[in-house]
Each structure stands twice: as C-alpha cells, then as structure tokens.
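For reference, the structure discussed in these notes is given below.
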Amino acid sequence: MKSDTIAAIATAPGRGGVGVIRISGSNLLPFAFALTEKTPKPRYASLADFKAADGSTIDTGLLLYFPNPQSFTGEDVLELQGHGGPVVMQMLLARCLDLGARLAEPGEFSRRAFLNGKMDLAQAEAVADLIDAATASAARSAVRSLQGEFSRAIGELNDELINLRMLVEATLDFPEEDIDFLKAANAFGRLERLQLKLAEIFDRAGQGKLLQSGLHVVLAGQPNVGKSSLLNRLAGDDLAIVTPIAGTTRDALRSTIQIEGIPLHIIDTAGLRETDDEVEKIGIERSWKEIERSDVVLLLVDARTGVSESDREILARLPDRLQRITVYNKIDLTHRAAERHDEANGTAISLSAKANQGIELLRQELLRIAGWHQAEDVFIARERHLRALSAAQEHVAAARNVVEGALPALELFAEELRLAQQSLGEITGEFTADDLLGVIFSRFCIGK
C-alpha cells in the first residue's frame, strides 16, 4: 500500500456554499503549519487562513485535524473547509500538491481505511452505496451495512464454521480417543441451522441488491396481448407502437421508470410464437435471452381466453429462479374485475392497460418483489456478495452430504468447511486478491 500523502476535493463538483479538501498521510502537522501557519488542535475546528507559497491568502475557512489512528483512514487526516467555488477549490488543492501531497486515486481514502483496519470491505463498499443510493430505503440499508450489520451477520456464520472445523480437527488429531466429536457436538444439526441462516442472509442480500440497482422486468407473452400497451402505461409515454396487428414489436424496447424511488428496468419483447418470418424469429430469440437475464417476468395473457396451451409452454420454459407474474390483460372487454390473486405458477393480476384498471396493483406487486416493504430488514449487497454467499451455500451443502454418508470422510468435510469460510471471507475482505481490491475501489469518488 502506498503510504504517501494524498489530497482530493471531497465535495461534489460545481459551486456551493462550502467546499472540502481532504488530506491523508503520516505526520501532517508540518503540512498544516506550512499551509496555515498554525498547529491545529486534534479534533477541533480552527479558523485559519490558507496560505499560498508567497504568503498571500488563498481562502479563509476551517481547519480540522484528526491524528492517527482515530481518523477515517487510520492515518493523520486534515480537512480544509473553505468556500465552495470551483476556482478557489482548485487553487487550494494545487497548494496542497505543491506541499508534497499527490492527487488521490478514486476510492483511495476508503481503501486506506480498509487496509488500516478501520472498516472491512463490505463496510467500505457501503460508503459508495450510500452515496449512490437513489431512494431513502436504499440509503437506510447502506447505513446499516456501513455500521457493520451485514459484516456482523457474516461474522456469526464464520464463527460457526470455525467451531465446526475445530471439531473436525479434534477428531483427526485424537483418532485413538473413542469419542465421536461430530456426533457429540450435533454437527449435523449445526450444519442444518447454518444452511438456514445462509439462505436467510442470501435472501436479505438479494433483496438489498434489487433495492439498490432495481428490478429488470421483462414483458413476455404471445403476440397482440397488450405488452406494448402495458409498457406505455407503466412508462407514462408512448414508447412502443401499438396496433391490432400481431407481431408489431420485432425487437426489445427498454424503459427505466421509478416506483416509490425503486428503479424498474422494463423490457418489452417480441411476441413468443412459432413463425416463418426470419426477422421476427431473431426478435423472439432475443426475447428469450432477455428473459434469462431478468429478475421478473410478466407473462401477459388475454383475459378473454385465459391461459392457453402456448402460454403454458412459455411458463414451463421460464427459469425456476425467476419471479413471475401472470397478467390477465384486457379485462375491460370482460366482466372481470381488477384484482390480485395467487396461482400455482405464482402471482396473477387482472388489469387493463388500455383502460388503466389494476395498474396500481401491478406496481405494488413489483414493489413487493423489489423488497420495498421489507426495506428495514435487507442488506445493500453487490453481485460479488451474492456469488460468495452462493458458493458458501454450495460448500456447506457438500459438507452436509459428507456427514450424512455411511463412512464420513473427515478430511473432505474439513475442506468443504474451509472453502465455505473462504467464500464468506471474500465478502469482508479477509480473503481478497489485490486486483479485486483495485477494481472495487476504482469505482469510488475521488474524495472517498
């Protein structure tokens, strides 16, 4: 890790009442004196003139000094709070660079905080997630992760894995003892509880990812069932051409909307049917690719005819992991009322895109799937967190299979537990390659 002095503007670009420059390094008292002709008192805001090399005043503002290790980065930290004009901020930053600091790389302050043990990797990522939060729910979830709630949950799982590994090591180290350590400690029951806890955290993390990045929703179904009309209704604009001619939509149309601040990335696809039209065939192939990448599929059917055999074939082909909502459209042409109910294949909603009936029911169902109503329980998570949790689940399941075997192979059991622990360690940064750290922190703001 580089240990030189770094500096960056920590406030957003543009004009503002206050601008902040953050500086981090070792032994910054001489730096502060050269800049202000004052020796700052730790953790006090001091009024100071920020001096240029010729002794003239660049700006007057507040100087704050946080000595190591009680600072954000774990190093000495200075914060210069001046007037928020872009010119004066650049002049003040240039003076800091003249005094020996270099311009911080994106995320370098947070990276130093991580490497100095001030926060783990999940907490460091939560800093960026809090900055990027598009909704109050996402912001609150990011704060919980920043305060260590997600990390503590991972830590509890890690502790249980360590305890189980200790039992295995005891059995391997004392083979002459007539004691079945795994049976005596109820290893099977503990693995079962560990699996349940892993599944719970995976679900909460998955909901948090949706809360932050939004749902990818695909409108699917046979031609001329109202997919484009529903897209236009949800988007509040005429994005798609709507005609009574089947097969009007040949390629995917995309729109991003927000419901209660939750991003919804909606894709209207070509009607799914057998066709000899080569252009339409390409559109249908792309439709299935969009479905495979989505979080939710809205299968639209004509409320007048109900679910057809072709619709059942579409349902059967949908990936099991997908949330699915069967949408009975065109209820304005029937005696059916707008409603939500459960079916064997998932949730069903009766509505009319054309007459704007039942649209709010669909919006609320999408919010439910996105975790909006359970926002206080979710963790803001990233795709890499979900991959690591999934890998840990696989290794714990493999360990359980070993225990259930007629002749348990203790070495294999221990190895699966070790791999599960390593997967969890990737979340908090205990087992993380340097190149991955570079990718993660490069996506941060310069001043973070």
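Placed from the backbone N, Cα and C atoms, the Cβ positions cover glycine too.
The (6S)-5-formyl-5,6,7,8-tetrahydrofolate binding site annotation in Swiss-Prot covers Arg22, Glu79, Lys118, Lys448, and the record cites sequence analysis as its basis. Per Swiss-Prot, domain 'TrmE-type G' is recorded for 214-371. Sequence annotations record features per position, and here Swiss-Prot assigns GTP binding site to 224-229, 243-249, 268-271. Residues or ranges marked as K(+) binding site in Swiss-Prot (evidence: sequence analysis): Asn224, Thr243, Ile245, Thr248. According to Swiss-Prot, the feature Mg(2+) binding site maps to Ser228, Thr249.
Annotated features taken from Swiss-Prot, shown on the structure.
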{"residue": "Arg22", "record": "(6S)-5-formyl-5,6,7,8-tetrahydrofolate binding site", "Cβ neighbours (10 Å)": "23"}
{"residue": "Glu79", "record": "(6S)-5-formyl-5,6,7,8-tetrahydrofolate binding site", "Cβ neighbours (10 Å)": "19"}
{"residue": "Lys118", "record": "(6S)-5-formyl-5,6,7,8-tetrahydrofolate binding site", "Cβ neighbours (10 Å)": "18"}
{"residue": "Asn224", "record": "GTP binding site", "Cβ neighbours (10 Å)": "19"}
{"residue": "Lys227", "record": "GTP binding site", "Cβ neighbours (10 Å)": "30"}
{"residue": "Ser228", "record": "Mg(2+) binding site", "Cβ neighbours (10 Å)": "24"}
(request) Determine, to the nearest whole angstrom, how far the Cα atom of Asn224 (GTP binding site) is from the Cα atom of Lys118 ((6S)-5-formyl-5,6,7,8-tetrahydrofolate binding site). (result) 57
(request) May I ask for the distance between Lys118 ((6S)-5-formyl-5,6,7,8-tetrahydrofolate binding site) and Lys227 (GTP binding site), taken between their Cα atoms and rounded to an integer number of Å? (result) 50
